[in-house]
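Some notes on the structure that comes next.
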């Protein structure tokens, strides 16, 4: 995980303090202490047998999972995500006074809703964004929906101006006159973006209490730190969910692996959630790409370009799509490494700098699972199947990703309404454009993810690897453009064709997500 403490904890799984004068870096339990020490600290800094004494006592009495209730401290999840500072900076990089303040950010708890397991060797910014999107996404989508509906309603009542003229907008529907066009619905995406970053500051009546190493384990007082480090099993025993913020470095750290072993022993029926941070990174990349596509499309309406030029503009905006595809392939490769890491897991190769910690972990696992070999087989078999990672995005992420294009579709619909077009044109637009085009892009994204998974391995030659990505971009763009052209075509044919096309798209999307859910279960 990354119980961030000074020296010894950092030496374990990413962040705990070493009690020797020479700080060691291990990996999950906290940062190293700064070089400057007070006279009071010197006593602990030279007490080399302190961790061994405390850990040995728990080991000999088989009390690794006993709770030290006095030190059970947690922090509301939304507080842990404010500003992201707790994630961007490991306690090892903080001054002594800053590390001292971390302890006061937490408060006593009787149980944890979440035990956040991670390694400090991975990007803190990515973990911060991943957690933020995991918990804020439903509210972000809801904020967009409310803002878009409000802007649409105010536009219909002429309470918001339409300062632009769309010269191209409905050429495919037989509307030759320029129509009024606004930008207020497009700005609803700004509302969703603000909601995303403001989520940690909003009232949270049911906020989850979580264990976060940096604040739940004292980073300054060596005795409290050691009690916290060797008392992690007790903290896990009162945790309802172990959420693993997985990065490629995770399984290489002994204390991270140890947390999984402790949690399953303490909570046989507890929930273990594998949350690879690359999933949210991919979702954010795709959302930014959709924002660019939205502005490109809106600009083509203002400039009055033809259908061919509009499609050409969309193809030009595929430049960031190339970058997104490269990111998708990289993420798919990371997922493959995750599967291999679980399938080929070897406890003996998990890193730990302190010899006593290694003995503490191995002997504890042998007590619980019969032998270290039995635990290795457990990770390779049942645990691997339980975690069941896969390179897929939750449905709510797709909805959030498509909000920019849905905003453009609603802006288009508002212009048609204000132009007093017949209801047949409105229905054709809703089914053939506002709904069908985003769904077409969702399906092309799912196809892109399949292709990126199929061709995830990087090629040693850069130009060959780049050609693979460009081929995927071309295939997916062709599929997306085909969907867009069919949507435009059905609008020209009439309401019947639009209804059939819209229902076909929705049916295909429903089947795709049902299949994804079935595979996940």
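Cβ atoms are placed via backbone N, Cα and C, with glycine included.
Per TrEMBL, transmembrane segment is recorded for 128-154 (among others). Remote same-chain residues near the transmembrane segment (128-154) are listed as 77, 81, 84, 87-88, 116, 160, 182, 184-185, 187-189, 191-192, 195-197, 199-200, 202, 245, 275, 277, 279-281, 283-284, 394, 396-397, 399-400, 403, 406-407, 410, 413-414 (criterion: CB distance under 8 Å, separation of at least six residues from the stretch ends).
Among the features that TrEMBL reports, transmembrane segment is placed at 179-202 (among others).
Sequence annotations record features per position, and here TrEMBL assigns transmembrane segment to 272-295 (among others). Sequence-distant contacts of the transmembrane segment (272-295) (same chain, six or more residues past either end, CB-CB distance under 8 Å): 122-123, 126-127, 129-130, 133-134, 186, 189, 241-247, 260, 263-264, 314, 317, 320-321, 323-324, 327-328, 330-331, 334-335, 338, 383, 386-389, 391-393, 397, 400-405, 407-408, 441, 445.
TrEMBL lists 301-325 (among others) with the feature transmembrane segment.
If you look at the transmembrane segment (390-410), the same-chain residues 6 or more away from its ends with a CB under 8 A from one of its CBs are 133, 137-138, 140-141, 144, 148, 152, 185-186, 188-189, 192, 279, 282-283, 286-287, 290-291, 293-294, 297-298, 331-332, 335, 429, 433-435, 437-438, 441-442, 445, 449, 452-453, 513, 516, 519-520. What TrEMBL records for 390-410 (among others) is transmembrane segment.
Here TrEMBL flags 430-449 (among others) as transmembrane segment.
The feature transmembrane segment is assigned by TrEMBL to 470-488 (among others).
Proximity of distant same-chain residues to the transmembrane segment (494-513), defined by a Cβ-Cβ separation under 8 Å and at least 6 residues beyond the stretch ends, is recorded for 395, 424, 427-432, 435-436, 439-440, 442-443, 446, 483, 486-487. According to TrEMBL, the feature transmembrane segment maps to 494-513 (among others).
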